[in-house]
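Going by TrEMBL, these are the annotated features:
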- 227: active site, nucleophile (ACT_SITE)
- 118, 119, 201, 204: [4Fe-4S] cluster binding site (BINDING)
- 44-206: domain 'Phosphoadenosine phosphosulphate reductase' (DOMAIN)
Ligand code: SF4
């Protein structure tokens, strides 16, 4: 399903062009001022970089986390630490069915048999419902993460949800992220220091080898590179 709003789409795309060379803080400042409480950040809790940036321009900003039921304990621990020490409002979304209920209904390990359906049930649909009250959401997408993300605009139109989608660090490199984390003491998922370059659900995430694409460890061998949240 898509949500067509030509005026809002044109405005978002215009903002994307105007903010292409702006800093992450300037982009988030524009978003916070434009959308106020109808703006949120989503976080996979791989790190808290975008949440940290957003809290600088909008203290207490909503940070939405999707708890699929399949996360590593380290990811849930990062979520809890972010909620405890940062000036943000962490909101945890969960799918309507627990993993046990999904297994009972559709059989065990749906992630191995049909990962697209598993992501649709445990990520895409819960996020659609969770974002219903917002007009704009920010993500940590970066152009250097993979070829599928190379064209990410800093501000664009999320056709599927009918919302403005903001990628304030789209132009950053991994080196920029590392420098920001070091400079500001930003919380990061401990798995990043344990061979994982990108952290998702435990059954669908493996460590990467030196020189591999950062997202090579996601759904490895299953012909899938994205969960569907950013399609
Ligand atoms: Fe399911 Fe894997 Fe998608 Fe998580 S990443 S929702 S376990 S298929």
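Numbers here mean position along the shown chain, with the first residue as 1.
Note that Cβ sites are derived from N, Cα and C of the backbone, with glycine treated the same way.
Projection of TrEMBL feature records onto the structure.
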residue : record                        : contacts (Cβ under 8 Å, 6+ apart)
118     : [4Fe-4S] cluster binding site : 102, 110, 111
201     : [4Fe-4S] cluster binding site : 68, 70, 71, 111, 122
204     : [4Fe-4S] cluster binding site : 70, 111, 115, 218, 219, 222
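The average pLDDT computed for the domain 'Phosphoadenosine phosphosulphate reductase' (44-206) is 96. The DSSP secondary structure for residue 201 ([4Fe-4S] cluster binding site) is coil. If you draw a 10 Å sphere around the CB of residue 119 ([4Fe-4S] cluster binding site), it holds 23 other CB atoms from the protein chains shown.
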